[in-house]
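Copied over from Swiss-Prot, here are the features:
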type    : residues                    : note
BINDING : H66, H68, H236, D311        : Zn(2+) binding site
BINDING : H66, H68, H236, D311        : Fe(3+) binding site
BINDING : R75, Y138, H171, Q239, T316 : 4-imidazolone-5-propanoate binding site
BINDING : Y138, N313, G315            : N-formimidoyl-L-glutamate binding site
Amino acid sequence: MRTLWQHCHVATMADGRYSAIEDAAIVTSAGLIEWIGPRAELAPVEADRTVDLGGAWVTPGLIDCHTHAVFGGNRSGEFEQRLQGVSYAEIAAQGGGIASTVRATRAASEDELFASAHQRVQALMRDGVTTLEIKSGYGLDLANERKMLRVARRLADELPLTVRATCLAAHALPPEYAGRADDYIAHICDEMLPALAGEGLVDAVDAFCEHLAFSPAQVERLFIKARELGLPVKLHAEQLSSLHGSSLAARYQALSADHLEFMTEEDAVAMASAGTVAVLLPGAFYFLRETQLPPMDALRRHGVKIALASDLNPGTSPGLSLRLMLNMGCTCFRMTPEEALAGVTVHAATALGLGDSHGSLQVGKVADFVAWQIERPADLAYWLGGDLPKRVVRMGHEISN
């Protein structure tokens, strides 16, 4: 079906800029953008349907390129403890922290995980999200990582959005491998990844490169295996310290390196050369009350593409609003509203390996877009909360009005 969408203004986000078109029209057909431009330049078109957008601003559908949306349990009690002065180490010694989420996730059935994740993902969708990534990483064994990734696939099947599933088995050391990190990495490489990839459950491979998680050498073993399996890689890097994990990610042409508060100029140069996207996660920065800022000037100076994401997870960023992350990116990291919007559209698409099909409003790309009740694109980063989406369109079909 061919649809003409008109009486709107468009921020195409081509090349990471607003690239605004006033009084625009969009023609969609077969799920793709067939034509876009000033309405005055549109030749007569035979449309099956014409939609008047009432002067709304239209942007690409938002893309949340880093989430841990599938998990069991709830850690709000730990939030209260931390506000009362209990340290993370003390909470962990009590059996809390990521270990508590692993226990709850392992104990939950696939249907239970699906039901809770479904609610969280729907909250993101109400904010204009049409594409998101979901990581595993709270199962930490084959059966439970499979369970999490199956939930991600089910969400893609049952909700009108695009989901990319990332295997993050190298998120933390499971209790049964305490003190044996090398053995656990070998288990992931020899058994878990081949099995999960063989079942078609994995779109990318991620790891957590930190002193409290896995070393660069261990991560590299994982990357080598991912490359053998034909899977792209991503990396949690430089969140708490500088191990040059982002440079390691760049050497393996990673789609992205994420967090990056402690990255160096050398890391930025490597990422720029490899085309690796810097995914910044202001929700975790805010929630943990961190003080070390990502090196924004170095990222800009070397032309590294910058994305933003919610990092939705139960321990460090229980954020259900990607639009809130736009504001946090501006207020916490000194991004411009234009940079922030590019960070959840065109650059987020690149961070998921979808840059050729998603993330900007251009002829031939997927017709995912949002019509917003705003006066200008900067409003998306300006307003805190509120119901701003007027219509959400995925593959040329309205999913919200």
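Each position is counted from 1, following the chain as shown.
A Cβ is built for glycine as well, from the same backbone N, Cα and C atoms used for every other residue.
Location within the structure of each feature annotated in Swiss-Prot.
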| residue | record | DSSP class |
| --- | --- | --- |
| H66 | Zn(2+) binding site | coil |
| R75 | 4-imidazolone-5-propanoate binding site | coil |
| Y138 | 4-imidazolone-5-propanoate binding site | coil |
| H171 | 4-imidazolone-5-propanoate binding site | coil |
| H236 | Zn(2+) binding site | strand |
| D311 | Zn(2+) binding site | coil |
| T316 | 4-imidazolone-5-propanoate binding site | coil |
Practice problem: Which residue among the binding-site residues Q239, N313, T316 has the fewest other Cβ atoms within 10 Å of its Cβ, if you could check? | Solution: T316
Quiz prompt | Those binding-site residues, out of H66, H68, H236, D311, N313, G315, that come within 10 angstroms of H171 (4-imidazolone-5-propanoate binding site) at the Cα | solution = H236
Practice problem: Compile a sequence-ordered list of residues in the same chain as R75 (4-imidazolone-5-propanoate binding site), six or more apart from it, whose Cβ lies below 8 A from its Cβ; state 'none' when nothing qualifies. | Solution: G96, S100, T101, P314, G315, P318
Quiz item: Counting distance between Cα atoms, which of the binding-site residues H66, H68, H236 is nearest T316 (4-imidazolone-5-propanoate binding site)?
Solution: H68
Practice problem: Note down the number of other Cβ atoms within 10 Å of the Cβ of H66 (Zn(2+) binding site), including every protein chain shown. | Solution: 31
Quiz item: Quick one: which residues besides Y138, N313, G315 have a Cβ within 8 Å of the N-formimidoyl-L-glutamate site's Cβ centroid, in sequence order?
Solution: H68, F71, R75, I98, T101, G137, P314, T316
Quiz item: Other than its own, how many Cβ atoms are within 10 Å of the Cβ belonging to D311 (Zn(2+) binding site)?
Solution: 26
Quiz item: What is the interatomic distance between the Cα atoms of N313 (N-formimidoyl-L-glutamate binding site) and H68 (Zn(2+) binding site), given in whole Å?
Solution: 5
Quiz item: If one looks at the chain holding Y138 (4-imidazolone-5-propanoate binding site), which residues at least 6 apart in sequence have a CB under 8 angstroms from its CB?
Solution: H68, V70, F71, G72, I98, T101, V102, T105, N144, M148, H171
